[in-house]
């Protein structure tokens with residue numbers, strides 16, 4: 001069972017339905033017992049960093065100490081960071097070293113919204129992907145060491161659009177809104193369990 005963490009973020013239903021379509025048994029939950037018994041964890045994400053990290057306080061240590069695969073999507077990926085500058089300076093889960101920062105003003109229209117191309121590394125999450133286009137909606141990006149980056153995207157600047165370290169994988173784009181490509185990414189995550 002994949003635990004989709006309910007911490008007040010949007011897109012819970014759409015990511016859960018997409019995971020089910022990809023073949024997973026899914027439980028939307030914020031209960032520690034259910035999260036501890038899960039085979040994998042998904043941190044979905046549409047919302048504000050500060051609210052999200054505050055809502056995760058009761059379960060954050062379990063997510064940080066987890067041995068099962070953990071997938072962060074959009075804001076969920078940003079929560080992996082050491083810090084975020086969104087709405088002030090806020091400490092993240094710190095499972096992947098880095099800082100969430102706002103796109104520079106000269107990057108283009110903010111938020112970065114719509115389809116964009118990724119340039120990905122050889123990683124199981126991208127196995128068998130036919131196209132490099134995925135759907136994005138975000139104003140901030142996760143600035144981390146190159147060794148943690150498994151995909152890059154250009155939007156005024158070159159930014160990390162996917163990260164990975166140990167059992168943590170983060171996607172800045174929304175696989176649940178990215179059609180066949182996104183479904184394949186979710187199938188690949190399921191196969192990593």
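Cβ coordinates are placed from backbone N, Cα and C, and glycine is handled just like the others.
Please treat TrEMBL annotations as automatic predictions, because they have not gone through curation.
Annotation comment: TrEMBL describes 4-190 as domain 'Glutamine amidotransferase'. TrEMBL lists 74 with the feature active site, nucleophile. Residues or ranges marked as active site by TrEMBL: 174, 176.
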Validating a neighbour-count step here. Other CB atoms within 10 A of the CB of residue 176 (active site): how many?
24
Rank the active-site residues 74, 174 by the number of other Cβ atoms within 10 Å of each Cβ and report the first-ranked residue.
74
